[in-house]
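Right, one structure below, let's go through it.
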Amino acid sequence: MADKAQLQEAIKTQGEVVRKLKSEKASKEQIDEEVARLLQLKAQLGGDEGKHVFVLKTAKGTRDYNPKQMAIREKVFNIIINCFKRHGAETIDSPVFELKETLTGKYGEDSKLIYDLKDQGGELLSLRYDLTVPFARYLAMNKITNIKRYHIAKVYRRDNPAMTRGRYREFYQCDFDIAGQYDAMIPDAECLKLVYEILSELDLGDFRIKVNDRRILDGMFAICGVPDEKFRTICSTVDKLDKLAWEEVKKEMVNEKGLSEEVADRIRDYVSMQGGKDLAERLLQDPKLSQSKQACAGITDMKLLFSYLELFQITDKVVFDLSLARGLDYYTGVIYEAILTQANPAPASTPAEQNGAEDAGVSVGSVAGGGRYDGLVGMFDPKGRKVPCVGVSIGIERVFSIMEQKAELSSEKVRTTETQVLVASAQKNLLEERLKLTAELWNAGIKAEVLYKKNPKLLSQLQHCEDTGIPLVAILGEQELKDGVVKLRNVASREEVDVPRAELVDEVKKRTS
């Protein structure tokens, strides 16, 4: 907009948009996005007047996290990592970018979302899209044939983000995978048990875990009349059933993917089926599906899986759902996805960036997904040697969003530090004594703070504890120094007791353990 009057009118209109959003108490992300647009318009106007206005904002699809949000994230990570470790997993790390050829051809229709980097001297590079393909590359490169690993790191997708719906271009994934040649369905059952434990401990609300098998899907497509070359693309369309009505999915199959209406209707008859071990038994008797060796192998494994899930006592949360497809190309066997049926509290909008999960219309949304990918490592091995793998990815951004909303609704204050005690003084000229005592506490492993003023008022020191949630104050005064004691104050109850200086460390540890 070169015309100054037009630019001023656009600024006025955009200002009204921002004010309206604020009055409607819209989400912070939505307001920030519109404010950024307003600032960009103002920057253009400033440029017309010979000034350069630098717009301070994060890149599209990214965000900053304040101390309160990070405290919540740390709590969530700790719960998840403890579950991973309880199951005997060890952790690895890998580069944030890979050779482009490492990632190409592994994600089906989602490959267009891979972030390519500008050529920096010969190697074509891309930012990692998930943690699974780099893990497979790591196994092949290091000739590892069995490992149980977890990996928590950021991944990148060149999505067109609508941050009001919690979609980002940079987000965390939390992956757990078991690699190795083992007896059928035992590692797969453990992955489902792990998901059950994590979601139960996070207390996000009611959930269910949907399971299916790629072999059953492929067998189903074959007997329904889907051409072999269209299996993967139809799989991606079926994967949208958690977000779209059947009519919309059918329309895509017929109009965009070229299936006949008759074939689409046959698919519908199967994808509407749900159950448990009983459904697996029924499908083995299905006159058409039982003709597919591939489907029968998947159904037989599904029966075995449910027998192990019964031993783990989690079948009340697991449903065999033939509509579950998961669009990623590398799955070869069992696939699963955990969805929240009722969040606690139900979020208005929640992030969905995890291994293939997106906003779901029929439930609060997917919070975990995964499956078996026995052929992926072989794609990287020069001799094509396969390492069977099964794993799960926790949709951590969605979890963070729900936990943040729970914190907003809770009366309990979120602490952003772990300070156990503040070293304070009741009189002036005691800075040296405060610093000496603080050093003693630090040396003993106590988390302690001291205010950076020579002569702070006692009231302001106590107020700092109230504001930040520090539970104890160690108060020094001239009399306390003479008597060799420290006055230890409980901030919540305001009770004070004189503690001999030599016993202070033990007393603080006892009270804060």
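Cβ atoms are placed via backbone N, Cα and C, with glycine included.
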Just to be sure I read the record right: Asp130, Leu131, Thr132, Gln173, Asp177, Arg326, Tyr330, Tyr331 are listed as binding L-histidine in Swiss-Prot. Which of Arg157, Arg208 is listed for the same site?
Arg157
On the three-state reduction of DSSP, what should I expect for Gln173 (L-histidine binding site)?
strand
Looking only at DSSP and grouping its letters into three states, which state does Thr132 (L-histidine binding site) belong to?
helix
Among the binding-site residues Thr132, Gln173, which residue has the largest number of other Cβ atoms within 10 Å of its own Cβ?
Thr132
What whole-number value in Å do you get for the largest C-alpha pair distance within Asp130, Leu131, Thr132, Arg157, Gln173, Asp177, Arg326, Tyr330, Tyr331, the residues recorded as binding L-histidine?
21
DSSP residue counts for the domain 'WHEP-TRS' (3-59), split into helix, strand and coil:
41 helix, 0 strand, 16 coil
Within the domain 'WHEP-TRS' (3-59), what mean pLDDT does the predicted structure show?
79
